[in-house]
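K.L.:
Handing you a structure now.
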Amino acid sequence: MGQSQSGGHGPGGGKKDDKDKKKKYEPPVPTRVGKKKKKTKGPDAASKLPLVTPHTQCRLKLLKLERIKDYLLMEEEFIRNQEQMKPLEEKQEEERSKVDDLRGTPMSVGTLEEIIDDNHAIVSTSVGSEHYVSILSFVDKDLLEPGCSVLLNHKVHAVIGVLMDDTDPLVTVMKVEKAPQETYADIGGLDNQIQEIKESVELPLTHPEYYEEMGIKPPKGVILYGPPGTGKTLLAKAVANQTSATFLRVVGSELIQKYLGDGPKLVRELFRVAEEHAPSIVFIDEIDAIGTKRYDSNSGGEREIQRTMLELLNQLDGFDSRGDVKVIMATNRIETLDPALIRPGRIDRKIEFPLPDEKTKKRIFQIHTSRMTLADDVTLDDLIMAKDDLSGADIKAICTEAGLMALRERRMKVTNEDFKKSKENVLYKKQEGTPEGLYL
């Protein structure tokens, strides 16, 4: 009995041993497998990518991006299928609109007739029709005034801009930028005509004080008249070469326009540009195209020509002074011009260009043969003393034809026979027949 009490363990002793075992220190579960790697330092650290261990959050992001990629692929496939199903005409229209957006749309030019309010106006186009249109908000309203040129949308004709320089392109072409090569030395004879045009056109522009001291007003314009080929246009070219003033050249037929009112408008633009670039000279060749005598006509074209001439009369001697703007006109038929056009006050000097006399013919022949290689037997006296009505243009044609005949026969010198044959050819073509004595 005593043995069992001293040597045996009771139930209370077993519980005590279990408590001692639980109190023992247990190390935490390591969170990283393997040894801790040392951080690399130095220049090689930037080139190495950091190690990313897979986590739950990264896995979710990857799945989300893959899902978005699938959606984008589905959308791309859907758009591709829709493009294939689209009709051919609709596809071409869309491509055409893209091309138009890239290269821009053209704009038409109109004239502002009247401003209704801040957002609306009445404009007219080149075809003569008027439109009630809107003014877009980005247009500078301070630049809008009746009569100015505006840019219009080609579909709705809305005002989308203002042209600052509203000069007609036809007037810009009329302005002579480069002076002609002809000078007074290239004109044979015509000494009196040269003196008169210098007194009427050049001196008032270069030395206006001479006329102020004399107490007279300089001539406003001159008209050059005479047979064809007598040097009227040549003298005008020499004036453009000698003077430093702006030279505007226009042919009378250019002032005849297709639409109603364009001819008078072109005349106004011509003189407005001349005043802006004063001192200037306006040369109107073949003035008889618009300056013929007025008469009652039922033709709309004839009435438009007469309105153009009336505008020219107003510009020559109207209410406003033209300043340093001189006018030179040229015509072959002065007897057909309207008396109001060539009266004093508008055209103060009428300069006649007759056919050349013997002295003038000799000078013209000398000018045109100065650069030609002539044979020893050439005597121009027979051509000069002839009673044929030769103009300066005819003499130039004779010299040119003689040179061509020598060139045809491979000769470098022009003989007297060449001049005789060339004269016969020129007279034959001029008279449109056979001259007398050709076959005698």
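Glycine residues also receive a Cβ, built from the backbone N, Cα and C atoms like all the rest.
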K.L.:
Among the residues Lys48, Lys175, Lys237, Lys326, which does Swiss-Prot list with the feature ubiquitin cross-link?
P.N.:
Lys237
K.L.:
Fewest other CB within 10 angstroms, which one of the binding-site residues Gly226, Pro227, Gly229, Gly231?
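P.N.:
Per-residue Cβ counts within 10 Å for the binding-site residues Gly226, Pro227, Gly229, Gly231 bottom out at Pro227.
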K.L.:
Quick one: pull the CA-CA distance for Thr230 (ATP binding site) versus Lys237 (ubiquitin cross-link), whole Å only.
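P.N.:
About 14 Å separates the two Cα atoms.
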K.L.:
For the binding-site residues listed here (Thr230, Thr233), which one has the lowest count of neighbouring CB atoms within 10 Å of its own CB?
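P.N.:
Across Thr230, Thr233, these binding-site residues, the one with fewest Cβ atoms within 10 Å is Thr233.
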